[in-house]
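Annotated compositional bias 'Basic and acidic residues' per TrEMBL: A:9-22, in sequence order. Among the features that TrEMBL reports, compositional bias 'Polar residues' is placed at A:24-37. What TrEMBL records for A:1-45, A:508-529 is region 'Disordered'. Taken from TrEMBL, the feature transmembrane segment covers A:52-74, A:94-112, A:124-143, A:155-178, A:208-239, A:327-345, A:357-376, A:392-416, A:437-464, A:470-490.
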């Protein structure tokens, strides 16, 4: 199977795709949707990478969230104080969870970038990618070792070994890809400078494994240093580029004529990230997190037949009543995670291009979402103990607030560069701008409100929390109505004010709250258009 | 927001989509890929359902596989015989797992069908769907109750309650969809008979909840009967239609002018199933199963610092050596599941349309894939105990064999109707036909070979098994080469035989093995074309 044979296949494929495109038009939409690109492209030894990437996203999202399990399974004794247990037992595990989440998403970002260069795959690349995935899924274990035995070099050595092998596999993928140019991104295929691109990309990819090699050598001499090296390797490029970018933005000076970010492997915060893959990754995390509690419930919360006979006189209902809080926690966390997914979904419907900065905020939001089931379990576990209950509810509110506020941050980051990233309808002053803002602001506002209410009325914290859980889905259902109503009211108010010029000036000054301010401008543009 | 307003939005959207389509042509492929349909459609209150369905698929695939966890966590004592433990401890759990998998996939098939009628969604439908998902994810728990307390009606009542509520929500989705026709499948939108379709679909959907209502009433009188009713409700339509279809196929009589299956909610085995969703569901299952063991490893296999100090003299490496088998099992099962995914991926690249029968075989294959991690764990756990080791290896081989053979069955089912379901290249006599067959046959053949080898050489079963694990990835890498070589050899043989007419006749008779037979015909068509 020489190269000649392969390029023939490609030509054949292209002709076929063209043919299909013209014939498709006449067919129904439902059929059109089922004709995925993988199907159009899949008739030769090279394939569209679509499904490979979807599978990789699924694997990586599971691995990113897996370290929440040890956190969630930390059992707290009945008579201990919640606060102390938190500090003593959970701190390390939470740190491991967050570290894993961060590092795995960095690996995921590198994977996105690699497969933005290699756009088509064949069997060999698919198998190489699977080997790469196997090593990525092993990373969380090395972190657990590092956290449990911080003085032992084994954890860091294992981590470095994994990263080095991942780097070598990625380099092999790049070299293989460039040896069969029809697998590459079209822009690179067209360009005359393929050798230059290849060397540049290999240089960027190999930087990390080489630094890891140094880190693993240093770990025998002075192991604290290797932690520092690793931190530098992983985060420095991002931080340095972000600072440079922020400085340029702050001064207002235009960035030096940016080369195409995809091809040059930069770390610009405005670098485009495949929107499809951000969605797939987020879907995976939301799905795992939503079902985390049912995994435990199915395994642990089935009473033993003998216990039921002896303790509850054979009444299964009475036995299950003991598990009531777990079920409540499950439905509560499923609903919350589902609604957060719904907000994310609504936002990304209107995003036309995701940038690296938006991806970062998305990662932070997802990391907090992962903590929700745990918080909800605590909240329902302590419902009979007012003091701990208030603290558990407040912890839930804090997590919920951050999960929501980082979603809002994605939106704000998108607004900064709205011509590139957002659809006109939701841009500043657009028709759906206020509605989107309301959707994104709902959870942070509710979480903040609940937090302060429980501070004041700490005795009723559990009831307040349950009320909030019931109210939020209803609020989402009525949101469009509410936003519409408040816009109509504002419009009426503005028309009334405009009749007296002094009133209009007062209104312009009076819009102190950012939210009201934004909403107030929407009717303006509505009236104008 | 009246209907008038909404239809305006739709018109606007259609214009926009048209405009986009023409302008897209000129742009690069990488950009084209990032412009998903959700983006094109997402600029109004109605949205493409693509991502909602992807998220649902992720949730359902997690739930389908979750009941393998209790099976995998069943600990077997050191001195017990493996066979007995299997019979005593695992039988119920495995039954629950398989039942869950089957029922959840039935629910999933109903979900596919529903959203083949409702093709676009709005916020209200998205929220309704989330509520529906919440109930589906609760189904496994009701099965566990049924299996643990078969004499108690609570399990069956809970199950019926869930199914009834799911049915009501689906009915609500249908009614809402038909009240806003622009959400519907285009064929229904165009048709004059919307009211008829609506009633027909509602009738099919409500059949199940109503039967469940009867089952729950009967459960108080004579609860065995309700199990029978449930089995009838769930499987009868499929079985009846399949028998009818098989009969028609066997007699060779053409089926009575089939109405469009999507619109009429039939249960024909040849009814099309959304290929995209079959892929998404399979990806989810493969991803969860591949990472099942690492979930456990991260949580359970980190040694306690105190134990390391006391038992191993502070040597972490020595402590980890104890966990060696778990790591080996992890890498082994990840590789096997990954390669099975790879085979599935290769097959579906060439599938143009998935039928219900293919979906059924896919479900069976996935159900066996779910058992693999457990089998691999057993295999490595018993490596020092030759007798149990041989049995564990054989169990693994049986599971692997069925996982592979049902993948092959998908392919055979597709070949039966190859004009509808397969791309020309892999059809009987096509260029890649032999290669695809070899890919699909590799795992069943290897599993069968290993099984018989361990029967003969039961003392070396563990070594044989590990050798197999190492050999299979290499075999996949070299498969194209091997198939190419054997085809060249066959061609040479055939040309040699053709020179003597008797030889040709002998060759035509001699091809007893199906595999050789199929491969032998490929060069024929190659030579002809």
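Glycine is treated like the rest: Cβ placed from N, Cα and C.
Remember, it's a predicted structure, so these values are computed and weren't measured experimentally.
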Remote residues contacting the transmembrane segment (A:155-178) - C-beta distance under 8 A, at least 6 residues beyond either end: 107, 110, 114, 117-118, 124-125, 128-129, 131-132, 135-136, 138-139, 141-143, 145-149, 184, 194, 197-198, 201-202, 205-206, 208-209, 212-213, 215-216, 219, 223, 226-227, 230
Stretch-level contact, the transmembrane segment (A:392-416) and the transmembrane segment (A:327-345), CB cutoff 8 A, at least 3 pairs: yes
For the transmembrane segment (A:357-376), distant same-chain residues with Cβ under 8 A (at least six beyond the ends): 64-65, 68, 71-72, 94, 97-98, 101-102, 105, 109, 242, 269-270, 273, 278, 282, 285-286, 289, 292-293, 329, 332-333, 336-337, 340, 344, 351, 392, 395-396, 399-400, 402-404, 406-407, 409-410, 413-414, 421
Dominant neighbour of the transmembrane segment (A:327-345) in A:52-74, A:208-239, A:437-464, by Cβ pairs under 8 Å: A:437-464
Contact call for the transmembrane segment (A:124-143) and the transmembrane segment (A:470-490): at least 3 Cβ pairs under 8 Å, seq gap 6+: no
